[in-house]
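K.L.:
The domain 'Major facilitator superfamily (MFS) profile' feature in TrEMBL is assigned to 18-432. The annotation transmembrane segment is assigned in TrEMBL to 30-49, 55-79, 91-109, 115-135, 156-179, 191-210, 248-270, 282-302, 314-333, 339-363, 375-395, 407-427.
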Amino acid sequence: MSAIPGDHVHDRQQSKKAAASGWIGSALEYYDFFIYATAASLIFPQLFFPSNNPTVAIVASLATYGVGYVSRPIGAFVLGHWGDTHGRKHVLIVCMFLMGFSTIAVGLLPTYNQVGILAPILLVILRLIQGFAVAGEISGASSMTMEHAPFGRRGFFASFTLQGVQAGQILAAAVFLPLAHYMPTEAFNSWGWRIPFLLSFLVIIAGYIIRREVDETPAFAEEEKQGEVARAPIVEAFSTSWPDMLRVVCMALMNVIPVVTTIFGAAYAVQAAYGVGFHKDVYLWIPVLGNILAVIVIPFVGNLSDKIGRRPPIIVGALGSGLLSFGYLYAISIANVPLAIVMSLLMWGVVYQGYNAVFPSFYPELFPTRTRVSAMAISQNLGTAVTAMLPALFATVAPPGSANIPLTIGAITLAITAVAAVAAFSARETYRIPMKDLGQPRAVPLPKPDYDRLRNEAMA
């Protein structure tokens, strides 16, 4: 129970349910998102973009992955507004249904050989719907979990949202791995690739059952009770919180690391045109192992951010993972599987989680309750939209046959992560600010002794 004057009372059971909802909902939605990412790297070039030039097919397929990010800002405006005017719970259920049905539809699509140009057109349309849906997931789930969490534990509880994202990636690969390994190539390319997409039917059922059990957050409920729900949260967010929104845009450029790890890295390692020669099921294990370690690391980093603040882990995570991208890509270039695994564990499994585990609490803490979902959704998705075409850009500036691919892609990656680190450094610290004061640039944090006492009470 909160002991901060003017702050909200938090039900411990609801705190746990909200964290579980954020975890499972994100896992299920990002399972959908990442099975598409995996397929776009491994098999879609042949199924939907056949070409005499393999480079063109790879770039076209990876560009459809980027299309999903292009629609995310639109989804952020619509779903962010919905989350701030109708509640966090409602927007998360909408996101889940949109993502689930669009993913099932991908699994039912005809290929290029069956219907010609209509196949990639339909694929792009469904990818746009996926991007629209996922735009509201992280901001809605992070806001819900953070607003339900007891004071002094917001970083820990909110981190489970991103732990769920990593679990979703593990699940996506866990479905693809046995299919790619045990099925004959012809059967896998014919119908086996559809199985992971069709399994999203289970996503819809499980996600709805879980999310309907979580109450609306105390912070939003209080806004409703007082009649203070913003009518135009987007306009209000841009007029009052634009400096912090700009910071989030820049920090969200950290999406470059998952692009390097799971998208370009997969194409670089597996596509025959690059000549590296990793087998599909061998390469898929590399990010899986990194994700398994990340699932373990994330709650510890989230808890650490409740002790030392949000900014230090993000800054270290940004610069460290940018530097380690050189080693990861070099390991792929020399087809050294053990080294690639080690670099994945370091870059993705540990260092990157300094950012990944902390932003679900840091981003929503930068904004007031009235505009929290809108401000976070719009700014985060604008940042990720900037990284939308990075897979295609990487394949263009470092096409098959080019020299120094690890150096070229690594340098771009480090430059982008440095921008994110500077943005985090310029932001105000938020971990000791009471819920009612979040989003106020001049909010005074609780003295460290008082904060530590309240945090210990919350952990008791």
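Every residue, even glycine, has its Cβ placed from backbone N, Cα and C.
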K.L.:
Flag the pair the transmembrane segment (248-270) / the transmembrane segment (91-109) as in contact if three or more Cβ pairs fall under 8 Å (sequence separation 6 or more).
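P.N.:
No, the stretches stay apart by this measure.
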K.L.:
Is it true that the transmembrane segment (115-135) and the transmembrane segment (91-109) have 3 or more CB pairs under 8 Å, sequence gap of 6 or more?
P.N.:
yes
K.L.:
Sequence-remote contacts (6 or more beyond its ends) of the transmembrane segment (282-302), Cβ cut-off under 8 Å?
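P.N.:
Hits for the transmembrane segment (282-302): 38, 155-160, 162-163, 166-167, 169-170, 173-174, 176-177, 180, 261-262, 265-266, 269-270, 313, 337, 340-341, 344-345, 347-350, 352-354, 356-358, 360-361.
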K.L.:
Do at least three CB pairs under 8 A connect the transmembrane segment (156-179) and the transmembrane segment (191-210), leaving out pairs fewer than 6 apart in sequence?
P.N.:
yes
K.L.:
Determine whether the transmembrane segment (156-179) and the transmembrane segment (407-427) share at least three Cβ pairs under 8 Å, counting only pairs 6 or more apart in sequence.
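P.N.:
The transmembrane segment (407-427) and the transmembrane segment (156-179): touching, no.
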K.L.:
What is the pLDDT of the domain 'Major facilitator superfamily (MFS) profile' (18-432) when averaged and given as a whole number?
P.N.:
89
K.L.:
Is the transmembrane segment (339-363) packed against any residues at least 6 beyond its ends, judged by a Cβ distance under 8 Å, and which are they?
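P.N.:
Sequence-remote neighbours of the transmembrane segment (339-363) are 22, 138-139, 141-142, 145-146, 154-155, 157-159, 161-163, 166, 248, 251-252, 254, 257-258, 261, 269, 285-287, 289-294, 297-299, 301-302, 305, 310-311, 313-318, 320-321, 324-325, 327-328, 331-332, 376, 379-380, 420, 427, 430-431.
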